[in-house]
Amino acid sequence: MSMAFENVDYTSLDIPAAPFSDPARIPDFPKNKVPRHIGVIMDGNGRWAKQRGMVRTNGHQAAEPVVFDTIAGAIEAGVRYLSLYTFSTENWKRSPQEVRFLMGFSREIIHRRVEQMDEWGVRVRWSGRRPKLWKSVIDELEAAEERTKNNKVIDVVFCINYGGRAEIADACAAIAREVRDGKISGDRVTEKMIADHLYNPDIPDCDLVIRTSGEQRTSNFLPWEAAYAELDFVPELFPDCGRDVLWRSIDHYIHRDRRFGGVK
């Protein structure tokens, strides 16, 4: 299946800026107020391409350098975890041609960029379901996870074939199997137990979710982990984003009053 697009040009439309190239530009955020975990819904690639008379796949290509500029900006700001909504379980509804491109492009990006991420101290993580996902994509993700497993600067989670409801359903199914096998009691299921069965239970809850393109919905992204996250809906299409947009959202977050249901 993955061989169908072997002759497709998967190169990006631009070259990303290197991290730490201009330290004077980095905002001086209070270290104790920077969100520990940020999730980004990378939306608007297709519209960006359409506005320029290009095909949708060109929008995805234009997004590649922005992804890594965003990662660089997160490192500079002191963010510890960054989850990127790369391909959802609902994205299989797109045209077969676009799905094939996205699968091949995801595989090639991980393969092409893993050395760079390793040099930056990125620990690559993957969150999502295995069924339907190309084996070649899984192989690249697992190889990148293995190569970078000891890195500690930032964990970057590529959410590929990910759906929040699917993640919760999978966690409940795993708990049900443990109940069936007599490992736990069915009447003692807790929130912590569900959290412990999510795809990456060691990653803390999401503090800030950013969605690009002006759309104001979360689209099944981290519903459990982002239950108390601050939301920032930015107008820019994703290929027009980068570290400056990320920093602006972090600044918005820092100036919000988080109460978690309580009163101050």
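Backbone N, Cα and C define each Cβ position, glycine as well.
Database features (Swiss-Prot):
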type: ACT_SITE; residues: ASP43; note: active site
type: BINDING; residues: ASP43, GLU230; note: Mg(2+) binding site
type: BINDING; residues: 44-48, ARG56, HIS60, 88-90, TRP92, ARG94, ARG211, 217-219; note: substrate binding site
type: ACT_SITE; residues: ASN91; note: active site, proton acceptor
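On the structure: features taken from Swiss-Prot.
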{"residue": "ASP43", "record": "active site", "Cβ contacts under 8 Å, 6 or more apart": "ARG211, THR212, SER213, GLU215, SER219, LEU237, PHE238"}
{"residue": "GLY44", "record": "substrate binding site", "Cβ contacts under 8 Å, 6 or more apart": "GLY59, THR212, SER213, GLY214, GLU236, LEU237, PHE238, PRO239, ASP240"}
{"residue": "GLY46", "record": "substrate binding site", "Cβ contacts under 8 Å, 6 or more apart": "ARG56, GLY59"}
{"residue": "TRP48", "record": "substrate binding site", "Cβ contacts under 8 Å, 6 or more apart": "GLY59, ALA62, LEU237, PHE238, PRO239, ASP240"}
{"residue": "THR89", "record": "substrate binding site", "Cβ contacts under 8 Å, 6 or more apart": "GLY128, ARG129, ASN161, TYR162, GLY163, ALA166, ASN220"}
{"residue": "ASN91", "record": "active site, proton acceptor", "Cβ contacts under 8 Å, 6 or more apart": "VAL99, LEU102"}
{"residue": "TRP92", "record": "substrate binding site", "Cβ contacts under 8 Å, 6 or more apart": "VAL99, LYS132"}
{"residue": "THR218", "record": "substrate binding site", "Cβ contacts under 8 Å, 6 or more apart": "ILE41, VAL209, ARG211, ALA226, LEU231"}
{"residue": "GLU230", "record": "Mg(2+) binding site", "Cβ contacts under 8 Å, 6 or more apart": "PRO35, ASP207, LEU208, VAL209, HIS252, TYR253, ARG256, ARG258"}
- ARG211 (substrate binding site): tally of other CB atoms within 10 A of its CB: 24
- Query: Which residues, sitting 6 or more apart from HIS60 (substrate binding site) on the same chain, put a CB under 8 Å from its CB?
  - Reply: ASN45, PHE101, LEU102, PHE105
- Using DSSP with the three-state reduction, classify the residue listed as 'active site' as helix, strand or coil. coil
